[in-house]
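A short worksheet on the structure shown next.
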Amino acid sequence: VPAPRLSGSNHSGSPKLGTKRLPQALIVGVKKGGTRAVLEFIRVHPDVRALGTEPHFFDRNYGRGLDWYRSLMPRTLESQITLEKTPSYFVTQEAPRRIFNMSRDTKLIVVVRNPVTRAISDYTQTLSKKPDIPTFEGLSFRNRTLGLVDVSWNAIRIGMYVLHLESWLQYFPLAQIHFVSGERLITDPAGEMGRVQDFLGIKRFITDKHFYFNKTKGFPCLKKTESSLLPRCLGKSKGRTHVQIDPEVIDQLREFYRPYNIKFYETVGQDFRWE
C-alpha cells in the first residue's frame, strides 16, 4: 500500500521540515566589512538556517509587512536559529526601531573594519560598476588643502560607526550587539566565528578544521565538508584588488576617523587597533 502523502509535503514526496519563522538574529552591517563571509561561515552550523539573499526588509521593503518577510525565510526546526543579513540596516535611521518592534530580543551582528580600507573597498566596488565616477580623492574631500572631508559621501559616512551605533543603543543593550572584526575574520576566522557562535548561544561547531587560507584571494575559505564536496570560496567580486590611493590621502582620512574610532572603542569596550 503506498504511504499516504503528508500534507505540506513538497513535490519529491518528502515532508517539508520545520516552520518559516521571523529571524532571531540579523547581520546588520557593515557594507564591505566582511558580512558575506560571516554569513557563509555561520551557515555551515547545523543549528543555523540563513537566507542567502539580502531581503532589505527594514530599509526598502518594510511596507510589505512581516508576513511577506517571514515568507522569505528558510524553514527551521525548533532548535535552529533563523538568520538574515542586510548590511545597509546599520546606517538606516528607522531600522533599530523597526527591528525592536519585530522583537526586542533580536541578536544583532555587526562586522566592522578599518573605516579607511572599508571606504576604499566601497569605492573599488562602485568603480567596477561605474568606471566614469570621479577619483576617490575627489569624492573624499570637500577641500583637500584644508583637509575638509565630505561626510555626505556614503563611503565616508558608513565608517563613522559610533554615530550610527547611537541609534541602535536607543533600542538595544550592548549585550545584544556583537561586533566582528573584519581584520581578524581574515587572520583568525575560527576564533572570530567561535565568538559569533558563543554570542548566538550555539555550540562551537565551526572550528579551525573548517578553514584554509586561499593565497590568491588573500582570505580564508571553507574546506569541503560532507555535504559539499567542493571547497567554498566567496565569489569573484570578493577580494578585489583595491585602487591605489595616494598615501597622503590615506593619512588624512586616518586622522579624520581617529576620534570616531576611539569613541567607538570606548562605547563597545573593544579596541579594533585601526590606529
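Cβ atoms here come from the backbone N, Cα and C positions, even for glycine.
Of all Cβ atoms in the shown protein chains, 24 besides its own fall within 10 Å of the Cβ of Lys32 (active site, for sulfotransferase activity). Residues or ranges marked as active site, for sulfotransferase activity by TrEMBL: Lys32.
Look at TrEMBL and you will find Lys32, Gly33, Gly34, Thr35, Arg36, Arg113, Ser121, Lys238, Gly239, Arg240, Thr241, His242 tagged as 3'-phosphoadenylyl sulfate binding site. Counting every protein chain shown, 22 other Cβ atoms lie within 10 Å of the Cβ of Ser121 (3'-phosphoadenylyl sulfate binding site).
As annotated by TrEMBL, disulfide bond applies to Cys221-Cys233. Taking all protein chains in view, 18 other C-beta atoms sit within 10 angstroms of the C-beta of Cys233 (disulfide bond).
Sequence annotations record features per position, and here TrEMBL assigns domain 'Sulfotransferase' to 23-258.
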Rounded to the nearest Å - Cα separation of Cys221 (disulfide bond) and Lys32 (active site, for sulfotransferase activity): 17
Alpha-carbon spacing, Ser121 (3'-phosphoadenylyl sulfate binding site) to Lys32 (active site, for sulfotransferase activity), which is rounded to whole Å: 6
Lowest local Cβ density (other Cβ within 10 Å) among recorded positions: Gly34, Arg36, Cys221, Thr241: Thr241
